[in-house]
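Novice: Structure in structure tokens, see below.
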Amino acid sequence: MTTAIEETLVLVKPDGVARNLTGEILRRIEAKGYSLVDLRMLQADRELLANHYAEHEGKPFYEPLIEFMQSGPTVALRVAGNRVIEGFRVLAGTTDPTAAAPGTIRGDFGRDWGLKVQQNLVHGSDSIESAERELALWFA
Ligand code: RTP
Ligand code: MG
């Protein structure tokens, strides 16, 4: 069994904040044994989001995604733990809330009601490189 203490960026997206799910999401992260290292609440601007979602530029959901992410405040979390990058994505569940397994954040709370973009409550970095890049952006 290898040990790999990592840090990841978790975002409670505007839908999660608006639906008062920030506490529930934090509770699940802490219950799993991960540690909260830093936290901030902010209204993301277009420049930050364009950087954050650069890999998706040009995809059909890109513009709706950037708009949705500016629709209200986001809570950004710096979370640490053993294999937390993969571990948080397991807690979150798959991107599509309809397909996400019950017991996951998206499976339990995510909504997919013909919206322009999947409003799936959370973001979690998907690799060590993404985590470093995204943490630098959101905790500049
Ligand atoms: P995230 O980056 O937010 O953790 O989510 P992810 O890896 O599971 O999904 P990704 O493919 O990176 O997509 C980023 C976010 O874009 C929205 N999206 N909507 N077809 C759609 O409606 C669609 N596809 C992607 C979601 O908010 C997704 O989390
Ligand atoms: Mg992603």
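In case you wondered, yes, glycine gets a Cβ from its N, Cα and C as well.
So TrEMBL lists the following for this protein:
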type	residues	note
DOMAIN	5-140	domain 'Nucleoside diphosphate kinase-like'
BINDING	Lys13, Phe61, Arg89, Thr95, Arg106, Asn120	ATP binding site
ACT_SITE	His123	active site, pros-phosphohistidine intermediate
Novice: Arg106 (ATP binding site) to the residue listed as 'active site, pros-phosphohistidine intermediate': how many Å between their Cα atoms?
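Specialist: Rounded to the nearest whole number, the Cα-Cα distance is 10 Å.
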Novice: What is the Cβ neighbour count of Asn120 (ATP binding site) at a 10 Å cut-off, with all protein chains included?
Specialist: 22
Novice: For the recorded positions Lys13, Arg89, Arg106, His123, work out the Cβ neighbour count at 10 Å and name the residue with the minimum.
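Specialist: Checked Lys13, Arg89, Arg106, His123; of these recorded positions, fewest Cβ neighbours within 10 Å: Arg89.
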Novice: So, three-state DSSP: helix, strand or coil for His123 (active site, pros-phosphohistidine intermediate)?
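Specialist: His123 (active site, pros-phosphohistidine intermediate) sits in a strand per DSSP.
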Novice: Considering only the binding-site residues Lys13, Arg89, Thr95, Arg106, which possess a Cβ situated under 6 angstroms from at least one atom of ligand 1?
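Specialist: So the answer is Thr95.
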Novice: Quick one: Cα separation, Lys13 (ATP binding site) versus His123 (active site, pros-phosphohistidine intermediate), in Å?
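Specialist: Answer for this pair: 7 Å between alpha carbons.
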Novice: Neighbour count, 10 Å Cβ-Cβ cut-off, for Phe61 (ATP binding site): what number do you get?
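Specialist: Within a 10 Å radius of the Cβ of Phe61 (ATP binding site) lie 13 other Cβ atoms.
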Novice: Whole-number answer please: how many Å between the C-alpha atoms of Thr95 (ATP binding site) and His123 (active site, pros-phosphohistidine intermediate)?
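Specialist: Between the alpha carbons of Thr95 (ATP binding site) and His123 (active site, pros-phosphohistidine intermediate) there are 9 Å.
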Novice: At the Cα level, what's the spacing in Å between His123 (active site, pros-phosphohistidine intermediate) and Phe61 (ATP binding site), rounded?
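Specialist: So the Cα of Phe61 (ATP binding site) lies 15 Å away from that of His123 (active site, pros-phosphohistidine intermediate).
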Novice: Grab the ATP binding residues from the record (Lys13, Phe61, Arg89, Thr95, Arg106, Asn120) and give me their largest CA-CA distance in Å.
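Specialist: The ATP-binding residues span at most 20 Å between Cα atoms.
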Novice: With DSSP assignments reduced to helix, strand and coil, which class does Arg106 (ATP binding site) get?
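Specialist: Arg106 (ATP binding site) sits in a helix per DSSP.
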